[in-house]
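Going by TrEMBL, these are the annotated features:
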DOMAIN    46-467  domain 'Major facilitator superfamily (MFS) profile'
TRANSMEM  82-102  transmembrane segment
TRANSMEM  114-133  transmembrane segment
TRANSMEM  139-160  transmembrane segment
TRANSMEM  172-194  transmembrane segment
TRANSMEM  280-298  transmembrane segment
TRANSMEM  318-338  transmembrane segment
TRANSMEM  345-363  transmembrane segment
TRANSMEM  375-401  transmembrane segment
TRANSMEM  413-436  transmembrane segment
TRANSMEM  442-459  transmembrane segment
Amino acid sequence: MRWKLNSSVYKRVPSRETAMEPDVETPMRMTDAAGTGPSWRMSLPHVCVATLTSFLFGYHSGVVNEPLESISTDLGFAGNTLAEGLVVSICLGGAFIGCLFSGSIADGIGRRRAFQLSALPMIVGAAISALTNSLEGMLLGRFLVGTGMGLGPPVASLYITEVSPPSVRGTYGSFVQIATCLGIIVSLLIGAPVKDIDRWWRVCFWVAAVPATLQALAMEFCVESPQWLYKCGRTIEAEMQLEKLVGPLHVKSAMAELSRSERDDGESVKYSELFYGRHFNVVFIGGVLFALQQFSGINSVFYFSSTVFRGVGVPANLANICMGISNLSGSIIAMVLMDKLGRKMLLSGSFLGMAFAMGLQAVGANRQYLGSTSVYLSVGGILLFVLSFSLGAGPVPGLLLPEIFPNKIRAKAVALCMSVHWIVNFFVSLLFLRLLEQLGPQVLYTIFSSVCVVAAIFVRRHIVETKGKSLQEIEVSLLQAQ
């Protein structure tokens, strides 16, 4: 199925609230008499607070990379590779659980309270990790942190999508990827003195509690999502929050747009309803998109790049710095281009760039015939792969899915699709080294490259362009097109 946005569908779609029913012949835009939209400045502070979740996600993803050796020595499990692997990967188990429940939590208590709830296990988990004197305590702390890591990012995607003006929604959505990159870089910088200062790794975990506490407090001063309030039937509150986001001049047109959304009608959507009926196709596309993102091999690159770099004689520290710069640079470029070129073009171009980069790595793996040239191809391929990923395949899915899911199912559908991300992430990470050993780098990298080509084709055939469209325009158009 290929969906296209078509304003003519409004001729057949009635408003859900007759009191604020807009002219169904012409979609209403959030513009005033002068034809200008709401200022991006009013929503920016709320978006910045929300992206602290993504910063924490990046920080906790990288916080044990440098200190792991010191942690294992101090806690008495040095040389136990299984224990070391659990310290790194147990976050994935917690993240899956947190992500799976994020939709119900965000719909049940609202986006703001969900942010605060996600910060709580991150604060407690970081404190337990910093204070523990045993492996069991470290695993408990990392698991709690993982639940917050799983709960926070889906809520951030929802919240940023729902409070951002259409004209800058793509730009704001890119903040998530940039914040994640910054979190990883900061974790590497904070962890740098770990070999020189005794028990510095405890400081690394204490540092993580600071932004989590800051977000929990700052959310008290942020707006609640008008989309969620309207969906719950709290129309007056939704109007009050919109005034803080778009200004008094745009509230009427913004409420008219909200009136196009589906209401809960007193019954919440069950997860089982996402697997059949009219919502199945859009949820299926979202799940496949996240699966393809992970099957592209991106996390095998992030998790095991140091091994690859060391194999070609490049120091791990230099490799991490180069990858961080590449990731951050691509994310900044994506932020600039997201609302100019659009989601679809960035996403398909990103996957094609990743396919080419994986092809370079496959060719570079043939050291017997290429000699020193293989080093440049391997290193260049990894850096180009990370750059290409950060241009589209990284930031776009988390922004695009909340845009294309109807308001009624948005929170649970995003949670379900991001759960697919965690499941595939776990299996790719678990099996990568075994497949590398069994198949060899050339075959495995060729498989990853082929997946990226398939992903680009999938995007071209099934993904709609949402640039500049209000959430209600997208919702009405997609539901009518089914």
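Keep in mind that glycine also has a Cβ here, set from the backbone N, Cα and C atoms.
Against the transmembrane segment (375-401), the recorded stretches 114-133, 318-338, 413-436 differ in Cβ pairs under 8 Å, and the greatest number is found for 318-338. In this chain, the transmembrane segment (82-102) lies in contact with the transmembrane segment (139-160); the count of Cβ pairs under 8 Å, excluding pairs fewer than 6 apart in sequence, is at least 3. Ranking 114-133, 172-194, 280-298, 413-436, 442-459 by CB pairs under 8 A with the transmembrane segment (318-338) puts 172-194 at the top. Between the transmembrane segment (442-459) and the transmembrane segment (280-298), the number of CB pairs under 8 angstroms, six or more residues apart, is three or more, so the stretches are in contact. With a cut-off of 8 Å on Cβ pairs spaced 6 or more residues apart, the transmembrane segment (82-102) and the transmembrane segment (280-298) reach fewer than 3 such pairs and are scored as not touching.
When pLDDT is averaged over the domain 'Major facilitator superfamily (MFS) profile' (46-467), the result is 88. The list of residues near the transmembrane segment (413-436) in space but at least 6 beyond its ends in sequence, with Cβ under 8 angstroms from a Cβ of it, reads 89, 92-93, 95-96, 99-104, 106, 150, 153-154, 157-158, 271, 274, 279, 282-283, 286-287, 289-291, 293-295, 297, 299-300, 303-304, 398, 401-402, 405, 444.
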